[in-house]
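Step one of this worksheet: look at the structure below.
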Amino acid sequence: MSNSNDNIWNNTEELNELLRIRREKLNILRSMGIEPYGIDRFERTNLSSDIKNDYENFEGKVVTLAGRIMSKRSHGKASFADIQDRDGRIQIYVKYDTVGEKNYEIFKILDIGDIIGVTGEVFKSKTGEITIRVTDFKLLSKSLQILPEKWHGLKDPDLRYRQRYTDLIINPEVKEVFLKRTKIIKAIREFLDNRGFLEVETPILHTIAGGAAARPFITHHNALDIDMYLRIALELHLKRLIVGGLEKVYEMGRVFRNEGMDIRHNPEFTLLELYEAYTDYYGMMELTEQLFAYVAQKVNGITKIVYQGTEIDLTPPWKRITMVDAIKEYVGVDFNEVKTDEEAIEIAKKLNLETKEGMKKGEVIALVFDELVEQHLIQPTFVMDYPVEISPLAKRKHDNPAFTSRFEAFIYGREVANAFSELNDPIDQKERFLEQLKQREAGDEEAHMMDEDFINALEVGMPPTGGLGIGVDRLVMFMTDAYSIRDVILFPTMKPKND
């Protein structure tokens with residue numbers, strides 16, 4: 001579709017004149033006795049999709065629809081227009097002889113972007129297009145802005161994210177992404193509910209930021225006169241519920257991390273966390289691959305997806321490999337043979353990786369993996385047995401206590417899930433928190449704080465438990481072939497635009 005406003009976006013003077021004309025039309029309509037915002041309710045009989053999907057049953061019938069004018073073509077005493085509702089566009093035909101002189105003059109004044117309600121008979125035009133022959137119409141809302149033309153005005157991603165309302169109007173494929181997002185979230189809930197999980201809600205305001213290695217947002221509670229934190233994870237409250245005997249719980253909600261932004265990170269994002277008593281990280285692996293396959297089948301009708309041109313097969317079982325073996329496979333270094341922290345640091349330096357003073361062997365292993373291995377994990381892969389130094393809430397492996405019963409799942413070189421056999425030894429947990437406190441005192445703002453109440457909960461007794469976290473936005477990215485996380489969040493965080 002090409003509109004008369006194609007080239008105005010580079011001409012401020014012309015744009016301002018068109019905006020002035022729209023406001024002038026507002027006054028003209030009011031002088032004609034039309035209040036452009038005066039209708040509070042408009043009853044529709046159908047949506048555009050009803051008619052377009054079942055034309056044979058609607059042909060010749062009178063219907064009432066409402067939508068936004070997206071194009072308008074006048075031919076003397078007859079005009080065609082396309083109106084867009086929730087489900088798409090449909091053509092309308094407005095004729096002078098049918099609606100009368102005054103109404104036709106009003107229709108001629110209307111602009112692209114105005115919202116109208118129409119009543120008329122369904123028929124097909126000479127070109128075979130399904131059309132409404134309008135017998136009556138009402139202006140429901142006058143648009144005072146100029147809608148950008150699809151390929152010119154809204155190709156700037158920054159503008160699209162800032163004005164998502166306009167993006168949704170102009171680009172139907174954007175609306176499809178968010179409709180699919182809703183289906184994905186519904187499918188996740190359905191999958192977990194069917195397996196006996198209980199959905200719960202836990203606090204967003206925390207007195208202690210815990211459950212993840214991340215920098216929190218800080219706020220102040222005036223009545224209590226204390227600083228509080230927007231949650232960076234859901235973990236510690238959900239584990240308290242496992243202690244309380246709920247056994248299978250999950251929460252899907254917003255978490256907030258005061259960190260950088262890129263194509264995979266937004267400061268506020270949707271996180272799914274679930275915990276199940278009497279299972280371990282192997283049980284979480286099975287649940288993870290089943291959940292991804294279920295959602296793909298439910299939403300896309302197939303367990304294979306194409307992401308950025310690469311076919312990804314989500315069908316279980318997924319590949320499983322330890323972190324140390326993955327490094328050995330892709331880098332050629334066997335950290336099982338490395339005995340000291342110093343030796344590990346030297347290996348990292350030879351690999352041209354930047355190290356920090358005092359790094360432990362486990363931290364070096366994680367560094368090598370992050371920098372040199374992740375990008376190779378295209379097909380779904382569980383990377384298992386993470387070093388204890390970077391896994392303060394995961395249970396140690398009994399046969400190798402330097403590592404934990406933890407995995408992360410990777411697709412297309414990106415982490416999509418994180419899971420543990422949860423640490424339920426309160427003494428070990430307290431020791432790890434104390435080690436994290438040392439890291440905080442040394443300047444690591446992402447290290448865990450001490451949470452005495454959580455330690456107390458573990459002392460009451462938590463059964464063996466498997467826990468899983470999935471970034472819902474990243475899952476949606478894969479299911480919708482979205483390049484950036486901003487493409488799957490309706491209103492992503494943006495730097496304020498300077499006036």
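Every residue gets a Cβ built from N, Cα and C, even glycine.
The feature Mg(2+) 1 binding site is assigned by Swiss-Prot to Glu408, Glu415. Annotation note: Glu408 (Mg(2+) 1 binding site) sits in a strand segment as assigned by DSSP.
Counting only residues at least six positions away in the same chain, the Cβ atoms of Glu374, Glu408, Ala409, Gly471, Arg474 sit under 8 Å from the Cβ of Glu415 (Mg(2+) 1 binding site). The DSSP secondary structure for Glu415 (Mg(2+) 1 binding site) is strand. Residues or ranges marked as Mg(2+) 2 binding site by Swiss-Prot: Glu415.
Cβ neighbours within 10 Å of Glu408 (Mg(2+) 1 binding site), excluding its own Cβ and spanning all shown chains: 19.
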